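*Asks:* Mind looking over this structure? Questions follow.
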Amino acid sequence: DIVLTQSPASLAVSLGQRATISCRASESVDSYGNSFMHWYQQKPGQPPKLLIYRASNLESGIPARFSGSGSRTDFTLTINPVEADDVATYYCQQSNEDPYTFGGGTKLEIK
């Protein structure tokens with residue numbers, strides 16, 4: 001199975017500042033010219049919400065404050081600027097190889 005390692009596990013950012021979350025895969029998640037890495041936001045009591053698909057594509061309805069980058073094994077989710085509503089846990093997920101796997105999550109808090 002592909003192991004996804006997120007860092008940091010938790011992050012405290014001031015309102016209006018930038019939050020950066022990293023995800024490293026144990027092997028490449030690239031195929032056919034695409035990176036099959038996705039980012040989700042989860043708030044307590046709610047299902048995960050897709051933010052970014054295939055590394056850098058913004059899901060419909062998601063603010064452009066969210067962006068994703070990376071390829072092969074190293075990926076980044078950036079939130080800039082951070083707003084109060086962004087308090088949540090963020091997960092990376094790969095869909096290049098079965099079983100699809102998630103990172104351990106990064107909890108974002110406001111400083």
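Placed from the backbone N, Cα and C atoms, the Cβ positions cover glycine too.
Checked Swiss-Prot, it gives:
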{"type": "DISULFID", "residues": "Cys23-Cys92", "note": "disulfide bond"}
{"type": "REGION", "residues": "1-23", "note": "region 'Framework-1'"}
{"type": "REGION", "residues": "24-38", "note": "region 'Complementarity-determining-1'"}
{"type": "REGION", "residues": "39-53", "note": "region 'Framework-2'"}
{"type": "REGION", "residues": "54-60", "note": "region 'Complementarity-determining-2'"}
{"type": "REGION", "residues": "61-92", "note": "region 'Framework-3'"}
{"type": "REGION", "residues": "93-101", "note": "region 'Complementarity-determining-3'"}
{"type": "REGION", "residues": "102-111", "note": "region 'Framework-4'"}
*Asks:* Cβ pairs under 8 Å with the region 'Framework-4' (102-111): which stretch of 1-23, 24-38, 39-53, 54-60, 61-92 has the most?
*Replies:* 1-23
*Asks:* Could you tell me what the rest of the chain brings near the region 'Complementarity-determining-2' (54-60), counting residues at least six beyond its ends with Cβ under 8 Å?
*Replies:* 34-38, 66-71, 75
*Asks:* Test of understanding: give the count of other CB atoms lying within 10 angstroms of the CB of Cys92 (disulfide bond).
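*Replies:* I count 30 other Cβ atoms within 10 Å of it.
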*Asks:* Most CB pairs under 8 Å with the region 'Framework-3' (61-92): which of 1-23, 24-38, 39-53?
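*Replies:* By Cβ pairs under 8 Å, 1-23 leads among 1-23, 24-38, 39-53.
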*Asks:* In sequence order, what residues of the same chain, 6+ apart, have a Cβ less than 8 Å from the Cβ of Cys23 (disulfide bond)?
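*Replies:* Listed in sequence order, they are Leu4, Thr5, Gln6, Met37, Trp39, Gly70, Asp74, Phe75, Thr76, Leu77, Cys92, Gly103.
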*Asks:* According to DSSP, which kind of secondary structure is Cys92 (disulfide bond) found in, if we only use helix, strand and coil?
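*Replies:* Its secondary structure by DSSP: strand.
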*Asks:* Summarise the region 'Complementarity-determining-1' (24-38) by DSSP state, stating how many residues are helix, strand and coil.
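*Replies:* Looking at the region 'Complementarity-determining-1' (24-38) with DSSP, the answer is 0 helix, 8 strand, 7 coil.
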